[in-house]
């Protein structure tokens, strides 16, 4: 099997084990196309993986993720692993995890929900992680994966 050759990053974050085809969505929801620090963003798509068969990898130079950003990744790519890189070495590694309660990172798909009209933080309860299903705290609308991804 051919070896994947991608340059190492000195400081930043590597998001690994993203399901194949979801890497662009990860870049989009994190707003990595508008990085202000001048750091590179690298996307490797459809890379061979022992765990997933095929996977995507995102490398972000000079950026470390917030808890909110990690939670967003979990909604798009629940199998992802986040690696924190300092001085070219992995100093921290963890799997993303879908939280039981999601606040402030997802919009309700119900156009009549109070979250669209009042100054309240959208809040959802995770009903199921596989397949992903959430319920709005305010209007009780249930959303499944496709609608969740459209409302991130």
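Note: Cβ is positioned from N, Cα and C throughout, glycine not excepted.
Going by Swiss-Prot, these are the annotated features:
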type	residues	note
BINDING	108, 113, 136, 139	Zn(2+) binding site
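Shown here: features listed in Swiss-Prot, placed on the structure.
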{"residue": "108", "record": "Zn(2+) binding site", "CB count, 10 Å": "22"}
{"residue": "113", "record": "Zn(2+) binding site", "CB count, 10 Å": "19"}
{"residue": "136", "record": "Zn(2+) binding site", "CB count, 10 Å": "21"}
{"residue": "139", "record": "Zn(2+) binding site", "CB count, 10 Å": "14"}
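Listed in sequence order, the residues 109, 110, 112, 114, 115, 122, 137, 138, 140, 141 complete the 8 Å Cβ shell around the Zn(2+) site centroid, once 108, 113, 136, 139 themselves are left out.
Residue 136 (Zn(2+) binding site) falls within a strand when secondary structure is assigned with DSSP.
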